[in-house]
Amino acid sequence: MKKQFKSKDFNGAAFVVFPTEEKAREFIEKSKETPIKYEDGSVLESSLQDDHYKKKALESANGGRASSDNEKYKKNNDKEIRKEKRKEDLEKQTNEHLEKLNNENLPGALIHIAGMPSNGTRELIKEKFNPFTKTPWIDFNKGDAEAWVRLNEANTAKDVLEKVLAAGQGKLVIGDKEVTSRIVEGEEETQFWKEANEKRAAERTKKHQRFGGSKRGGHGKRNTRGGGGGGFGQKRKRDEDGNQSNDHERQSNSSKKPRETTVD
């Protein structure tokens, strides 16, 4: 609900957000066929936000406002336009990431683990799978009761899981607890990739904005080169989703506590 600039009283105009642009346009067209009336009988006018701003800008240019109000209106209008443009750019970027990720889905390469111990970690899961496959992706946060193991090659889940269980004499033990494991297939597998890719696409967009989307210098940027910053001279690498990893994380005698955030 829009308000007067000085008095903050309602000025009779409001912006209504619809779930899609199509729904908004549909409402506008129907309001032309059947005018919408307020409780006092007055007819309400409706238009798309962009059309509304263009109309007001034209009125301002034709002397409909005082010069000071024109400047304030122009600034507010430009701000709204920039905001909408940025939103559109982010949505476009996220959709591009999502399309790329959907093309990378690997069928028959997903394993589900249930009954994780309270002290379970991604590193403990990797220890069981690393001898039989390339380093897998582990979707797990510390404290969760379940985890998903995403392998790097299609149609390898059955063979890899059999080898993992054989190495444990028919059991899969994470930490000090026996867990249950199974291959994810069919609709459940499809749904997993859909949700995982949507989440990863959104995270990639955020990381792009954080590391590469801003043109500003200064404290907002992180030094990702080896030896830069606060004296930490170890070379860092980035995985496909922008997460940092380093060589000492893979050493068994490392004293640094592993990070317990989502891998991607």
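Cβ from N, Cα, C; glycine included.
Automated prediction, rather than curation, is the source of TrEMBL annotations.
Record features (TrEMBL):
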{"type": "REGION", "residues": "41-95", "note": "region 'Disordered'"}
{"type": "COMPBIAS", "residues": "49-58", "note": "compositional bias 'Basic and acidic residues'"}
{"type": "COMPBIAS", "residues": "68-95", "note": "compositional bias 'Basic and acidic residues'"}
{"type": "DOMAIN", "residues": "104-228", "note": "domain 'XRRM'"}
{"type": "COMPBIAS", "residues": "194-204", "note": "compositional bias 'Basic and acidic residues'"}
{"type": "REGION", "residues": "194-264", "note": "region 'Disordered'"}
{"type": "COMPBIAS", "residues": "237-264", "note": "compositional bias 'Basic and acidic residues'"}
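Residue counts for the compositional bias 'Basic and acidic residues' (194-204) under DSSP, split into helix (H, G, I), strand (E, B) and coil, are 11 helix, 0 strand, 0 coil.
For the compositional bias 'Basic and acidic residues' (49-58), DSSP puts the residue distribution at 10 helix, 0 strand, 0 coil. The average pLDDT the prediction assigns to the domain 'XRRM' (104-228) is 83.
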